[in-house]
Amino acid sequence: MADIKVVGVVGSGQMGSGIAQLAAVDGLRVWLFDTDPIALSRATNSISNSVHRLIAKGHLTQASNSVENGEVLQRLHCTTNMEDLSEADIVIEAIVESEDVKKKLFQDLDKITKRSAILASNTSSISITRLASATTRPCQVIGMHFMNPPPIMKLVEIVRGADTSDETFNVTKALAERFGKKVICSQDYSGFIVNRILMPMINEAFSTLYTGVATKEDIDTGMKLGTNHPMGPLELADFIGLDVCLSIMRVLHAGLGDSKYAPCPLLVQYVDAGRLGRKRGIGVYNYAKATELAKPSPSSKL
């Protein structure tokens, strides 16, 4: 298994574009694949803006010259053709948190990528062993769970499947550390480490709201000021996406078989209603309303 020189990323949403940015800034060639060309265009703009913000804040001083010369974006290749991932040394998927969808993707990647390539999943809860079973190379399948947003958050959670080889683990860990990340390692159990702890807390916050114990504002303020969390659990759920939170709770409930992981009915209701959080403009909080309030009135321009 050679050193990583070319990285493939599947999915150009916030997680996928963030992972692609990390690799491109680090000097690696990147293929960012998505079936939606508009999403790829948004991702390119997002990466460009993010890199320049980080330079302005002094977080990318070593890379600033190459960034200003456009070298980072030159290393980033966007494509709607999955075949372009064939030269990647590692492919990291960051698509919807659905086991069936991810398995189908891994089957396709197994046919397209070179035999030495590592297939990594950014899943935050789904069994790596089961994803690996969809391929003919289970020893080269691994979980590489970045935190959101990947360019900022310092942690990567690495998860070995039942057959993941030591070489695959070592190469993946070295890549995460090359990106400047702190690596923690989890066994392949539902939710791994971070979401095994975080999601039940968010679910309990929904239950606290659902049963009328307190308002959403007081729940979040209590956790921020009482436990020194930077965001309250309901605010954080909106940031993550309520659909993602619900998906993870269902994985925990099914995988661990304990009723304490049953999703709160209010969380289910919000997702059914399309209230998915910041990305939809409304979740627990109404962000569209906040945006309207922030707009200057006509009189303010006089």
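From the backbone N, Cα and C atoms, a Cβ is placed for every residue, glycine too.
TrEMBL: automatically predicted annotations, no manual curation.
Residues annotated as domain '3-hydroxyacyl-CoA dehydrogenase NAD binding' in TrEMBL: 7-188. Mean pLDDT for the domain '3-hydroxyacyl-CoA dehydrogenase NAD binding' (7-188) in this predicted model: 93.
Among the features that TrEMBL reports, NAD(+) binding site is placed at G11, S12, G13, Q14, M15, G16, D34, E97, K102, S124, N148, K279. The C-beta environment of N148 (NAD(+) binding site), restricted to residues of the same chain at least 6 apart in sequence and closer than 8 Å, consists of Q14, M15, G18, F239, I240.
The annotation CoA binding site is assigned in TrEMBL to S50, K57, S124. Close to S124 (CoA binding site) in the fold, though at least 6 residues off in sequence, lie E97, H145, G191, F192, V194, N195, V244, I248, each with a CB less than 8 Å from its CB.
Residues annotated as site 'Important for catalytic activity' in TrEMBL: H145.
Sequence annotations record features per position, and here TrEMBL assigns domain '3-hydroxyacyl-CoA dehydrogenase C-terminal' to 191-287.
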Other CB atoms, at most 10 A from the CB of S50 (CoA binding site): 19
Least Cβ-crowded entry, counting other Cβ within 10 Å, from the binding-site residues listed as G13, M15: G13
For CoA: widest Cα to Cα gap among S50, K57, S124 in Å: 29
Listed in sequence order, residues with CB under 8 A of D34 (NAD(+) binding site) and six or more positions away: V10, G11, S12, G16, L40, A43, C78, T80
Entry from the recorded positions list K57, K102, H145 having the most other CB atoms no farther than 10 A: H145
